[in-house]
Amino acid sequence: KKRVKMKQYVVTRPLYSEDAFADEHEKIHRHHKTLRHHVKQYFTCDLKRAKNAALSLLPFIGWMRIYQLKEWLLSDIVSGVSTGLVAVLQGLAYSLLASLPPWYGLFTAFFPVIVYFFLGTSRHISVGAFPVLSLMVGAVVTRLVPDEGPPVNITGFEGLTIDEQRVMVAASVTFLMGIMQLAMGLLQVGFIVMYLSDTLVSGFTTAAAVHILVSQLKFVLGLVVPGLSGPLSIVYTLEKIFVQIEKTNVCDLVTSILIMVVVFIVKEINDRYKAKLPVPIPIEVIMTVIACGVSYAFNFRVNYKVDVVGRIPVGYESPMGPNMQIFGQTAVEAFPMAIVGFAVAFSVAKVYSVKHDYIIDGNQELIAFGASNIIGAAFKSFAASTALSRSAVQESTGGKTQIAGLLSALIVMVVTLAIGFLLEPLPKSVLGAVVIVNLKGMLMQIREVPYLWRRDRPDCVVWVVTCLASILLGLDLGLAVGLGIELLTVVFRAQFPRCSVLANITGTDIYKDRKDYMSIYEPEGVKIFRIPSPIFFANIDFFRGKLVEAVGFNPLRVLRKRNKALRTIRKLLKKGELQMTSKGLLLISSGPIEESEDESNMEELDQPTDFKDLPVQVNWNSELPANIHVPRVDVHSLILDFSAVSFLDISALKGLKAALKELIRVEVEVYIVACDAYILKKLHSCMFFDDEVKSSMFFLTLHDAMLHILEKHPVDSENTKVCEKVSEPETKF
């Protein structure tokens, strides 16, 4: 085989410890701002900051200034009309998930969109009802106002119908959700979405899709099933469905199956030929119009006992304030709703911002959705986020800005004010079928499980546990369980990192795990230990255990054995049973001598070995008199690779110092390499160094430390294979 010629480089420089490098290279003194300075700067206002704040709070000003009327307007109009038609249909369908009359979905497709137009930073997402959020709202609604039995005792329910009570609950929990989102945005905590990993969101939305599927079965089958919430509600719902399965309305079932088959096939065609189609075929809208016409022509409601949308009131209802008593009843559910709504919307917005090269602001998005939900709730809409399919329609049909969203809201307004009556004959089974067929994307996420199992099992556990917990316990508790499992995996990864012993790759200045390579060089008596994670209170004991395992002995045990041996030697010398000769210490007693068992002062055994009062310094690796046995220490130098250590806490500092002292006291030279400057500064400020643990043990690179060791402990040059080109001539090895 033809060998590819590798590029080479040669470096000649001094051998640097951290102290030597600091002496030779003067650092720039940087003045760090104090907390007082940051607070003062935050509250200082000038013209530039006021202008930036206005542009930040009202992002539409920024893109309106660069709006290209001729190039973008037509695309936005086409996109707005297409998205508006889909928004009408999804608004009606997702209202059923929220256990509300269908027309309230039209309010959710109007008011939040108008507010987001002014405050949102994404130009492409379609704001409105999102099935997962709608289902979470529905769980709260059915808990406080169940289908069977009296509602929860709440002031303000008196004199209201069951639908009006449910609207009050949905609006109030949406208002509270908006307050939480707005507060998080004002407090600049948009980063909270980072704690919801893609794996967790995937498992959660898959479980939500299962809940949505089950919740729509009653419409598809034409059955009367009360809405349930809480742990195992999905099991009880399925039980109630199968108990009365023989009462299935055949007309509803046939209509739903027909709708699902046609919509599924056309959606597949849209996906396959999306490059050739100018706009996706709006098959849901087409089938809805056909279903409305057929239902009206054959009078499905009377002749076949089909449950239809029914009367849709013309116009908007007067605004309503939230019920404070409901706030107290729904606060636990409102918080996960606020997080999920923002997380989904932000993730979709991020995809489109990257695709179209503009910036979105997470904190401003929180403010936008918070204000949208607060104002929308005042006008009796329910929780708004963004639906993936609706946003895809808005972007794929050529939408350039939120002008398209504004136009989609106008389409919804036209339906609400003028032509809503045309949708009155629409069977609810059609809406259920449309919801189910749009679950394909979320349900197919289950295909991620085999991939995760092969590639990252902790992530696979997060996905499976989140999904199962959300299915069985409900979406709110399931999300909490999933988040807990996710944080546990992070803790375990950091608490039990994969430490390794490194060796030199022959002929280079590169060091790798000695288990992974054949051509390696390990100088006798030298160990290189790599820690691939931060060291903190939870993993310091694990780190020390792995360090003992790597060097092959317990330094504290060795130190205690040596000090006990010294006690024995001193006693023998004092009794005259041990004498100093030209060959060293010689035992002259013929009786059996036992090792000292004096444990009166255990603290002395942990102190450095003290050879005062002895005529000679003991070589611990040689044969000792009086049958004294001390474990051999074959390691003279230990290098700790800190290149992957990002921080140390106080507990870790204490544990690390204790470990270093134990090694130093058994005559092992310890070197720490590639330590972050921040950590080194912290060590100095925390009084880490003393007479035993010195700053001279820190070296700039691993190879610098190795060269230094080989200068102090020369090895047979014939067996040395480390690259000579990277070191100075006098330190070649």
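Glycine is treated like the rest: Cβ placed from N, Cα and C.
TrEMBL entries are annotated by machine, without manual review.
The feature transmembrane segment, as given by TrEMBL for the ranges 168-185, 366-383, 672-689, sits at 366-383. Between the transmembrane segment (127-145) and the transmembrane segment (366-383) there are 3 or more Cβ pairs closer than 8 Å, counting only residues 6 or more apart in sequence, so the two stretches are in contact.
A contact links the transmembrane segment (366-383) to the transmembrane segment (103-120), because at least 3 Cβ pairs that are 6 or more residues apart lie under 8 A. Residues 78, 82, 85-86, 89, 255, 259, 262-263, 266-267, 269-270, 304, 306, 308, 393, 396-398, 422-423, 425-427, 430, 434, 438 of the same chain sit 6 or more residues outside the transmembrane segment (279-298) yet have a Cβ under 8 Å from a Cβ within it.
For the transmembrane segment (191-213), the residues of the chain that approach it from at least six positions outside its boundaries are 97, 131-132, 135, 184, 234, 339-340, 342-344, 346-347, 362, 435-436, 439, 442-443, 445-446, 448, 452, 459, 462-471, 475, 478-479, 482-483, 486-487, judged by C-beta separation under 8 angstroms. In the predicted model, residues of the domain 'STAS' (516-709) average a pLDDT of 85.
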